[in-house]
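*Asks:* Pasting in a structure now, in structure tokens, and then I'll have a few things to ask.
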Amino acid sequence: MQSGLCHSSTLLAANNMSCSTTVAIGNSVFPPNSNSKSRNSQNRREVISLLQKCKHYQIPQIHAKIIRNGQDQDPFVVFELLRLCSNLKSIDYASKVFRRTQSPNVYLYTALIDGFVSSGYYLDAIRLYCQMVNEFIFPDKYAITSVLKACGFGLALEEGREVHAQALKLGLSSNRSIRMKLMGLYGKCGEFESARQVFDEMPEGDAVAATVMITCYAEYGLVEEASGVFDGLREKDTVCWTAMIDGLVKNGEMNRALEVFRDMQRKNVWPNEVTLVCVLSACSHLGALELGRWVCSYIDKNNIECNCIVGGALINMYSRCGDIDGAVEVFSRMKKRDVSTYNSMIEGLAMHGKSTMAIEMFREMMKRGLKPNSITFVKVLNACSHGGLVELGFEIFHSMTNSHGIQPQIEHYGCVVDLLARSGRIEEAYSFIERTKMAPDHIMLGALLSACKIHRNLELGERVAEMLVNCDDADSGTFALLSNVYAASGKWKEAARVRALTKEAGTPKEPGCSLIEVNNEIHEFLLGDIRHPQKENIYRKLEELNPVLKREGYSPATEVVLHDIGERQKEWALAIHSERLAICYGLISTKPCTTLRIVKNLRVCNDCHSMIKLIAKITKRKIIMRDRHRFHHFENGACSCGDYW
DNA sequence: TTAGGGTTAG
């Protein structure tokens, strides 16, 4: 939340302006002392009409005209001026105009409170409201609505409750807008009993009120409660459907989100651009390329503007679903691009191992006058890291402070550690961490540990492992990696200790899960999954493949399995990693030569990686797989990651 | 003669 006082900006010094002897508005000139009511109201109408058409840079000019006309105390004119400043985000100017108004009425207070809210100065808005009440100016329904908005965004629950009490006293509590803001206030503050009470007292069937409730519930992860409100509403409009879809997406319920979207279509409710952005986000997570492509053509056919948000969502969808060419095509067709557009494109290219193109994109962005932000540098440094561009990476890292005035944060340092470690300069990466004097996070240490494992530097690996065990923020993925490193060097006790630590910390290992889209439907597989209706055929395919793979020289790399179990059991456990099941299902349910696209939630293990390379070779298929870190394009026995991931 | 609705990416 932003708070505190507004920053100062230049304001036309009203007191220094002399009143002219003629009053000029637009092209008309009136003689002085012509105070007839009709002329005044004509002048006012003209100025108000000018204000309504005014651009940001014209504010001082038109304000000067208002002062010259002697209209700077006219509440109607000042009201329009304040609204204009607020809409154009000139809140400093607005507050100075307000301060020069001798006796502001409730309209002017409300206009400035609204201005503070839309600029994010919630505390200022609440203070101004208090000032108004202290001046014995009675709040009306508009003032109360505005200050409740401020209380909601500013999470000022106590102040909000006081305003609620005032609304009750003033007999305004049944006003629909006020109720809506009260729901928003209580919902944002997690006071669902109060929010629900206000909602239940409202007339049934109000889609807007239901949307507010759904959004509040979803923000707190209360998906079932949100769903309950949604299902209980008979007539749902586009925004309400969208809020439900978005709520599910934000809570990781992608399949349910797409189900709701399909239901929306069955009920003939038209999606708008916001709906489509939410659906695209679900597609991105699931790797649902077919549906994503459908959304893309829907946008084209229905002339929906491909603005930066829609375009960015499309780029993310294509690149995260494994179709980087599709992402590039969307990017090149976009008429307007901002930093986020470039960030998405750079990220996509980097994830697909196209580091040089990612760097070119970064340069093109700067050539076009767009300033890279902190996120841009994370993406570009990642590209350098995946492409082994160590020197260039360093150059870009240093340019952050030297040329762009951006202070590197822990994620940037993490990128440099990854950059060095990946290329085998592990000791250098370690001393870089020491030099930064910043407590390393689990991502940084994880990158280093991963490199220790790949470059077989177990001595340093152990030192890093100790640091990781003592690291507060390590997640299940990092612990799994650590446990893997111990298991790989036969240190079963340590491996077990890490597993126990993970349990203690309440971060059990996330179960491996792979998704594949076939005929517009997402199929989900877990380790050794037997839920799929085609399970017999899937496992038969797996058995069929095993001897062929062995003939091709595949031998299971059993050390990647964590538990200290017998060789045959290890082999068996490896054989049913979720990605293998997804691939076998893809093989039996698509035509020969069809590219298979898999999305996996964890990092692919060594063994599956070698096996998939061979499957791609034997079956003459392209297999594109997204794991937790990047994309792997398997083709003809090789992988685009160059066996480093 | 002054004003008000809920849903979007990174």
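Each Cβ is built from the backbone N, Cα and C atoms, and glycine gets one as well.
Model, not experiment: these values are computed from the prediction.
Feature table excerpt (TrEMBL):
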DOMAIN    A:553-645  domain 'DYW'
REPEAT    A:105-139  repeat 'PPR'
REPEAT    A:237-271  repeat 'PPR'
REPEAT    A:307-337  repeat 'PPR'
REPEAT    A:338-372  repeat 'PPR'
*Asks:* Can you tell me the mean pLDDT for the domain 'DYW' (A:553-645)?
*Replies:* 83
*Asks:* Counting only residues 6+ away from its ends, which parts of the chain sit with a Cβ under 8 Å from the repeat 'PPR' (A:237-271)?
*Replies:* 207-208, 210-211, 214-215, 217-219, 221, 223, 226-227, 230, 278-279, 281-283, 285-286, 288, 291, 298, 522, 524
*Asks:* Could you tell me what the rest of the chain brings near the repeat 'PPR' (A:105-139), counting residues at least six beyond its ends with Cβ under 8 Å?
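*Replies:* Those are 1-6, 75, 78-79, 82-83, 85-87, 89, 91, 94-95, 98, 146-147, 149-151, 153-154, 156, 159, 163, 166, 170, in sequence order.
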*Asks:* Per DSSP, what is the residue count of the repeat 'PPR' (A:338-372) in each of helix, strand and coil?
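*Replies:* Residue counts in helix, strand and coil order: 26 helix, 0 strand, 9 coil.
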